[in-house]
Amino acid sequence: MLSVIILAAGKGTRMHSSLPKTLHTLCGEPMLFYILETAFSISNDVHLILHHQQERIKEAVLERFKGVVFHTQIVEKYSGTGGAIMQEDKTPILTKHERILILNADMPLITKDALTPLLKSHNNAIGLLHLADPKGYGRVILENHQVRKIVEEKDANDEEKAIKSVNAGVYLFERKFLEKYLPKLHNQNAQKEYYLTDLTAFGINENEKIDAIFLEEEFFLGVNCQTERAKAEEIMLERLRKNAMDLGVVMQLPKSIYLEKGVSFKGECVLEQGVRLSGTCLIENAHIKAYSVIEESQIVNSSVGPFAHARPKSTICDSHVGNFVETKNAKLQGTKAGHLSYLGDCEIGKNTNVGAGVITCNYDGKKKHQTIIGENVFIGSDSQLVAPVTIGSNVLIGSGTTITKDIPSGFLSLSRTPQTNIENGYFKFFKKS
């Protein structure tokens, strides 16, 4: 077994946001949560190093992960990646296991499989990337597949900057190695910080083996600005789309479809172009038509759209919800709502038809109220149901009706102003003075 230390103490100033960098999301999930999931997939001892907005990050983490060990970096005394794992006396933080994997919190694309080459090493090891454009990364100087030196870009000379082998920001150390060399770290560099990479110099001077393990670039993309966040999100989206299609989901123009990590699919599903699925959603044996938005909802044995919007807590089963229909906190069972309706805070029974322009008026300016509609109900176009109201089963509501009172089962309900036809009314209205 091994312990995992995740470095998350930085300010993330290049994000230009009051939100901590690691809480910025990819596909609906904070970046930090991805790396924590990976950490717990390989270890039962996960440590998180915090400083900037640490209480905010800790609160978010504890809502999802209960086994994290939190530490506060002593930034005022020990800044930098090396300082992050130091205690007051410069010894490494306490861990359960002798092998320690160190990861950066701003690398949300790392997976267990991507780390496998590094974890197979029996020595101290550093993950490397070979980049065509290594700008922004620390350079790694190798000799016989062993690390001889790591130079941060800020401290590199022109010859060192030409090297394409760069530090991936992933380290595997034995605890005894850290105990021996961490107290020797100093901050005599351009940034006045303690660098983890400097540990290699101490080890090399005493003939310690430090393996250079090349890793796949896609999995170790660091996120330091909004442009990099967007790039990482597109990679994550490609993974989610592929996973869905591997389950048999049909996607029309996949690159136009957005879905988040909490979306799950069952049975035969079709997603047309421009569909957006966000939050925790279940899509089961469903056809989501073009440019529809589904949020925190369940769509089962149903068709939705095009241009429909299922807002949170919508459960649509054995139903058809057509174009420009919006639902919110709605339960539809065997319902047809073809077009241009708002169905909020309602329950609608089987074999009910909702005409065009029907609105459940759920808000009175102070509180939300519920509309209950039974089975075998026909609601004519352009009707308003003013909640709270209950419509029984086998009810017919005429077009243009405003319902303010409960309707018993078996009734016909109408509320219309009588129509008046005035002979020659057109000519009288437009008569010239």
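Using the three backbone atoms N, Cα and C, a Cβ is placed for every residue, glycine included.
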Looking at Swiss-Prot, Ala356, Asn362, Tyr363, Ser399, Arg416 are annotated for acetyl-CoA. Which of Ser314, Ser319, Ser381 sits in that same site?
Ser381
I'm trying to understand the geometry here, so how far is the Cα atom of Lys328 (UDP-N-acetyl-alpha-D-glucosamine binding site) from the Cα atom of Asn362 (acetyl-CoA binding site), in Å to the nearest whole number?
10
What same-chain residues, at least 6 away in sequence, bring their CB to under 8 Å of the CB of Ala356 (acetyl-CoA binding site)?
Gly338, His339, Leu340, Ser341, Ser381, Asp382
Rounded distance in angstrom between the Cα atoms of Asp106 (Mg(2+) binding site) and Ala9 (UDP-N-acetyl-alpha-D-glucosamine binding site):
10
